[in-house]
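Taken verbatim from TrEMBL:
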type	residues	note
DOMAIN	6-304	domain 'UvrD-like helicase ATP-binding'
BINDING	ALA27, GLY28, ALA29, GLY30, THR31, GLY32, LYS33, THR34	ATP binding site
DOMAIN	305-597	domain 'UvrD-like helicase C-terminal'
Amino acid sequence: MENLLEKLNKDQKEAVVHENGPLLIVAGAGTGKTTVITQRIAWLILEKKIKPDEILALTFTEKAAGEMEERVDQILPYGYVDLWISTFHAFCERVLQDHAIEIGLPGDFKLLNQTAQWLLVRQNLERFDLDYYRPLGNPTKFIHTLLKHFSRAKDEEIWPEDYINYVENLELNKDSVFAEERDRLKEVAKAYGVYQQLLLENNFLDFGDLINYTLKLFRTRLQVLEEYRKKFKYILVDEFQDTNWAQYALIKMLSAPNNNLTVVGDDDQSIYKFRGASVSNILQFKNDFPEADRIVISDNYRSKQKILDYAYKFIKQNDPNRLEAKLNISKKLEAKREGEGIIEHFHSETADLEAQTVSRKILELKKDDETLKWNDFAILVRANSQAELFMQAFDRGGIPYQFLASAGLYSKPIILDVIAHLKILDDYHESSAVYRILNMPLVQLDYEDIVKLNYFSRRKNWSLYETLKNAPVAGVSQESLRKINKILGFIEKHAGIAREKGVGKAVYSFLEDFNILRDLSHKSEAGDLRAVENIGYINQFLKKIEDFERTNPDKSAKKFLAELDMAVESGEEGALSPGFEEGPETVKILTVHGAKGLEFKYVFIVNLVDLRFPSTNRKDPIELPRELIKETVPEGDIHLEEERRLFYVALTRGRDGVFLTSASDYGGQRKKKISRFLIELGFVAPTESPKKREDYIEKKESEKTGKFNFKLPSKFSFTQLKAFKTCPLQYKFAHILAIPVRGKFVFSFGKTMHGTLQKFFEQMSKRETHCQKKLFGEDLAPSSASLSADDLLKIYEETWINDWYDNKAHEEEYKKQGRQSLREFYKVNQDNWPKVKYLELGFNLKIGDYTVRGAIDRIDENADGSVELVDYKTGSFPQDEKCLDRDQLLIYQLAASEIFNEKVTKLSYYYLSENKTLSFLGTPEDLLKTKEKIIATIEEIKQSSFLPKPSLFTCKNCDFKDICEHRIL
């Protein structure tokens, strides 16, 4: 551990080894705050001997939580079972899943996103009794506005009854507000109550509910609160400046009475007011915990000093509402990297010339320094809509780029193709959809023939589909006629699949039959960025279809398209999850909000003109009554100060250089004034960039592509390792490119059987615990803890997953087989149920420098305290034990021994279809060989070119045989 501390500076080290009590760490941009948090977690585990599951670390995004867990994983010398590193919402969801019933909530609640909330209100609009917020011409106009208001109320832990009580008090004091205002507030309060009631009626929760119901649970069930207080000996909160009032209340409640609470934040980087974040929390911390220690970390390891000096001078404009002024501390960042750094402003006549200036500057920098990569550059925009001109300029200049938008899935060309095909399956006469399919690049229908078909359709007043059916009459070529007949056959085939098997299987057939997956896989292998992106878009769209099919008995294309139309009507554009670290080297274009936590060698902050950055202040259409707000509202211009913090975040993303750009003409009648932020930085006289298009550097084909980078996983599973050893190309297709594959009914069946037995033993364990508690008081026999065979079969029916079966008869055949297996399982075990110690126990096992993750189905405790590890199998019992793959259970044995300190005496594969067990135990030599094999395999993956290893058996069972040119069949 000393070696780790040696790498830290004095302030970082002091923060890491802080003993007990509250601690406020003020960590500026680029000062290594994530390092401090992760090192502190490791120090608590290794030096203070705190168990990993006794530490709670909370942050705001899944990505940040994953990065934190990954870094802790790299530090710890051994594996671990359960690190409670998560987002606030994930933590509360986990708590409520265990305790929801104790406050009257269903244990199987479903979490709604914004679109699902909108649909819920839209479908029940008549229950809301709206007048002011339901205009006759557009009754759904204010749904988003109301939902945002309800969310804001939940940020402040304002319940519907609190709101209604407030309005009733207003009615008693009629002089306080105008009657019209009282009526409006009354309408809002009642609508909030109806919305909350709808959620409860349908077993739904929204994200605000997760926090508030957890608070309610802890306040009303003190024994549960005490359980979690005892469990978590230390609590750490990252990005504390982004917490809202309710989240801060949760932290304070959990950390009491010992208050071993460490919060890390920077008020100058609080940029999420629109999400309900309250900068007042970090300003209030020392008032709530006067005994708290305070550590300011100001050594910056990212940017050069000139950039930091400009950023500091700029953010001081927010005084006196900053922590620095309030606590009388210094937050001036000191660069630890040598060199001055660059910060410059370029002004252009037009927006188009501004984009060309940026493109030219990137090419100049890259020409002057051959070590620079495309990844070293980022364009930061205030809003996604400002990115288009820069993408056009990069296309002309031959600069590879990625636009890392967070939304827009439904407008991606590949997804529009999929949607168009589904529209045809729903209605053959959807001519615009047919036209799009005919124009797909892979169809390659002659353009003149498409013109003829359109002309013939208009002349005959036929749909385009009817014209295709009569294509010979329209006079198209023989080659086009052949392709049209093929398309018509596909449409008929896919329509049947959609009717009988659901929209998901129809989409897979479309992707396969039109050779879309084959084309994308070949291009992806060759390093084509757009192909990799398109695979990602398809995967994200298929995930939406899976979610739809999981919750809808009607899986037809018509029903899916109806829901999609409603989602689009609600304003949803389709969320995107771009893989920032994957793909070829590219210039990144992203919003400033999206750049939080990232860094680049050179950053361009663009469109720095009045009304763009800073943006205009858009107040909430429905503001919370001031009397209901619990947070301390800062004084001053709240919006302007938030925009300054956002600009400060943008400035501090740059390592070596920051370039500020603006233009006079963005269209419209008036010329734009430069941003007040440029003036505050001292850039009063703009530096004009060249105005002539001739000055622009022309496109160079050689500049178009960069080295392709694929991010390997930070943790490996047995499945991944096995896939690589089977065929490296199969591994690449499945785990790197993530090419979509059809689901398999055997996986659905396997998940059902595993889930059934997990729930069965969980319920049995709970019943045993309950009976033992009552035994002493009521002389209750312990045997009443047992569940019946009917209980087991009831769980089976509730757990059944009906995905990917060929038809109803096929599904029923397997359902019957499962029932029979479970009846037999119950019969075999009913007189001697195993003493289950753990169920579905996840682990992260450190082997050398690598981590292997997994989950053990069941761990049974023997009479002597030793354990047996059980893994369920739904396949056939092996005829030859020599063919048995022992690696999976040997990995489990390593995890149980090294992480859980269990004495393992038996490893068992339990074959449910025949209720037979195949058992063995790994010797020390077996375990050593398993470790060596894992390390060698991962090392091989890291160095691999992922060449294929085709064979008759491998290819026959490969998910990618239909798109792989190396297959042997």
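Keep in mind that glycine also has a Cβ here, set from the backbone N, Cα and C atoms.
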Taking DSSP three-state, what's ALA27 (ATP binding site) in: helix, strand or coil?
strand
For GLY32 (ATP binding site), what is the secondary structure by DSSP, using just helix, strand and coil?
coil
Remaining residues near the recorded ATP site, that is with C-beta within 8 Å of the centroid of the site residues ALA27, GLY28, ALA29, GLY30, THR31, GLY32, LYS33, THR34:
VAL36, ASP266, ILE297, ASN300, TYR301, ARG302
Which value does the mean pLDDT take for the domain 'UvrD-like helicase ATP-binding' (6-304) in this predicted structure?
90
Listed in sequence order, residues with CB under 8 A of GLY30 (ATP binding site) and six or more positions away:
ASN300, TYR301, ARG302, SER303, LEU333, GLU599, THR652
Which one of the binding-site residues (THR31, THR34) has its C-beta surrounded by the most other C-beta atoms within 10 angstroms?
THR31
I want to check the contact list for GLY28 (ATP binding site): same chain, sequence separation of six or more, C-beta distance under 8 angstroms. What comes out?
ASP266, ASP268, ILE297, SER298, ASN300, LYS331, LEU333
Looking at the binding-site residues ALA27, ALA29, which one has the fewest other Cβ atoms within 10 Å of its own Cβ?
ALA29
